[in-house]
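Feature annotation from TrEMBL assigns transmembrane segment to 12-34, 46-67, 180-198, 205-227, 253-272, 284-304, 324-344, 381-400, 406-429, 436-456, 462-479. Annotated domain 'K+ potassium transporter integral membrane' per TrEMBL: 12-499, in sequence order. Residues annotated as domain 'K+ potassium transporter C-terminal' in TrEMBL: 517-685.
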Amino acid sequence: QDGKHWAMVLKLAFQSIGVVYGDIGTSPLYVYASVFSDGIHHHDDILGVLSLIFYTLTLIPLLKYVFIILRANDNGDGGTFALYSLICRYAKVGLVPNQEVEDREVSNYRLPHAGDHRFKRASYLKSILEKSNFAKMLLLLATMLGTSMLIGDGVLTPCISVLSAVGGIKEATPNLTQDWIVWISVLILVLLFMVQRFGTGKVGYTFAPILCIWFAFIAVIGAYNIFKHDPSVLKALNPIYIVYYFRRNKLRAWISLGGVILCTTGAEALFADVGHFSVRSIQISMCTAVYLPLLLSYAGQASYLRQHQLDVGDAFYRAIPGPLYWPMFVVAVLAAIIASQSLISGTFSIIQQSLALGCFPRVKVVHTSSKHAGQVYVPEMNYLLMLSCIALTLLFRDTIKIGNAYGIAVVFVMVLSSAYLVLIMIMIWKVHFAFIVAYVVTIGAVELIYLSSVLYKFDQGGYLPLAFASVLMGIMYTWHDVYRRKYFFELKNKISPEKIKEMLLPEEKEAVTRLAGVAIFYSELVHGIPPIFEHYLRNVGAVHSVLVFVSIKSLPVSRVPPEERFLFRRVQPEELRVFRCVARYGYMDAVRKEEEEAFERLLMRGLREFLGEEAEAEMVGKAAEYKVVHLIGEHDVVAGGGSRAWKRVLIDYVYSFLKRNLRGSNKVLDIPHDRMIKVGMVYQL
C-alpha cells in the first residue's frame, strides 16, 4: 500500500509541475526589467536586488506557502475559501443561520482540540467574531476580495507571460513590429483557453514535460552565466547587500520592490491548486524541481548584468548563449502558455467553492476527472477570462502597465491569506504565541512593505486589478445578499408542522388528493417547510402520496462522505407521510449529471433506512418504484414596498439581470426534464 501511495504522490508531483508552477517559473522573463525600469544606477544594485529576490522567494513561496499555509488546507483543498471555511467551521461567523448540531458529527467537520492556556485565547477571539456582525461581514467581504483578486490574476498572468515570451523574438528578428507580437500573443491565448475543456489532468500531463525542460534550461543557463561572467554574485546570499541597496537608493529602492515581488507571482496557485493534487506532491515538486532552478536563473541574469548593465530590459534573452537561443525561445513561449494554466485552474476551483457558499451566480461546473474530484472546468468563466485577456493584451500592448497591475493583485492575495492564517493559528491550531509573533514580524511585515510599494504605482496600471475586483465583488455581494434575504424570507414565512397537518388532513373541508408516487420538493431552507409549498397546494390541490422536502446545504468543509450525505426528519403525524431531508455537500462536492439517478436512488434508500422496519418503509418503496417527480421552486424576487432606492436597484435590476442571463437551478442540479415541475412564486424582500 505504501508503494502505491508514493507512486500516486510522485505521479501527482509530476502533474503539478505542468499546472501549478508555470506562473512562478516564467517570472525570470520580466522581473529584472520591472525592477530596473529606469536603468541600473550602481554596479552593486544588482547584488542588492538579487539578495531581495533570494530572500523573498525563500520566505514567501517556499516557507509560507509550501511549509506553512499548505497545512491549512481544508481536507485536501486550498484557496481563500478553504481558509474562510475553516474559520466558519470553528466559529459561527456565517451570515446564513442554517447550522445544525448534527453537522458537527460529519467526519470531515471535526477540528483539533486543546486544553491549555492557548484554548482561552482561541475562545476569546472566537467570542469576538461570533458577537460582531461587522466582523462577520468583514470576513465575508475580505474573502470575496481575495477571490476576485485571484480571478484577476487569472486574467493578468496570460497577458504578461505570453507577451514577455513572444517579445523575445525581437532579439532574432528586430524588424518584427509590436503589432505582430501582440496578435501572435492573442492567437496563443485563444488556443490556450480552448484546450481547458479537456481537464486539468490531461493538461497537466501535456504541460509537465515542457515545464521540466524549461526548469532544466534555466538552471543550466543560469549556472553557465554565473561561472562565465561574475561568480561573485553568489555573495548576494548575504542580506547586508539589501541594506546597502536601500541606503544608496532610498525611495527608488522602495519603489523597485513592486518589481521584485513579481518573482513570487503564482505563489498563491501553490495553495489554490492543492485540491487538484495533494500537499505532499506540491511540497516534493517545489523542493526538487522548481526552487533551485529559479535561484540559478536569477543569479545567472545578475551575473550577466554585472558585465552588461545596458541590457537590463532584455536580460533574460540577452543572457542566453547563441546556439541555445532558438530552442530556449520555443520553450519560453510554451512555458509562458503554461504559466497561465496555474491561475486558470485555481480560478475554476474557487468559482466552484464560491457557488457552494452562495457567493457566486449559478454557472456550470464540469468535473473532468473521475479520480480527483478537485479537477473541474467552468465553461462560462473560461470564456470570460479569454475575452478579458484578449482585451487587456490589445489595450496595453506591452508588459509595463500590466506588470504594475500584476503586482497589486499578487500582494493583496498574499496579505489576505496571511491575515486568515493568523486567525487559524490562534483559533484552530492554537500554536504558541511566540510563533505567531515571529510569523507576523517576518513574513507578515515583508508582505505589508511590498503592498505599500505596489500601491505607489496605482495610477500606472495598478488600478486595473482593483477595478476588476470591484466589479466581481459587486456581483458576488449582490448574489449573496439576495440569497441571504431569500433565506430569511423563507425562514420567517416557513410552514409550521401544525399548518402542514391542517393543509393535508383538514377536518372541516374536503381532503387534499394524494397521488401515487414520491414528490421531491427542493428548497434552500434547512429548518422547516418553505412557503412555496402552500402556494403550490393552493393552486394545484393535489400532492403525491409521499412528500420529501430536500434542502441542498453546503457545509464549511471541502467534501462530505456519501454515507453521511443525508439527514432525515419526519413531520408528524406519521399518516402525513411527509419528510424533511438535508442533503449535505462540501464546497468541492457537486450533484453531477451522470450521478443524478444515483442521487435519487441514494435518497430513497436513505429514507427507507431511516424508516427501518416500519410498515411505512414498504409503502415508500412502492411509491418510489411507481414514480418520482422533482418540484423546483422558481422564485422571482422584488424589493418590498417602502424599500430604499439602493435596495431596489440591487434586487430589481442587478440581481434580476444576473438571474435572467445565467443558468436556472434545474440546469445546475441537472434534474431530468421529463420528471420536473417548476413552481413559481414572488418573494417581496
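Heads up, the Cβ atoms here are built off N, Cα and C, so glycines get one too.
Values in this document were obtained by computation on a predicted structure and should not be read as measured data.
By number of Cβ pairs under 8 Å, the transmembrane segment (324-344) is matched best by 205-227 from the list 46-67, 205-227, 284-304, 406-429. If you look at the transmembrane segment (253-272) against the transmembrane segment (12-34), you find at least three C-beta pairs under 8 angstroms, all six or more positions apart, and that counts as contact. Within the chain, the transmembrane segment (205-227) has long-range Cβ neighbours (under 8 A, six or more residues past its boundaries) at 14-19, 21-22, 25-26, 28, 233-234, 289-290, 292-301, 303-304, 319-321, 324, 327-328, 331-332, 334-335, 338, 341. Remark: the transmembrane segment (436-456) makes no contact with the transmembrane segment (284-304), by the rule of 3 or more CB pairs under 8 A.
The transmembrane segment (180-198) shares the most Cβ pairs under 8 Å with 381-400, out of the stretches 12-34, 46-67, 284-304, 381-400. Across 12-34, 46-67, 284-304, the stretch most heavily in contact with the transmembrane segment (381-400), judged by Cβ pairs under 8 Å, is 12-34. Residues belonging to the domain 'K+ potassium transporter C-terminal' (517-685) score a mean pLDDT of 78 in the model.
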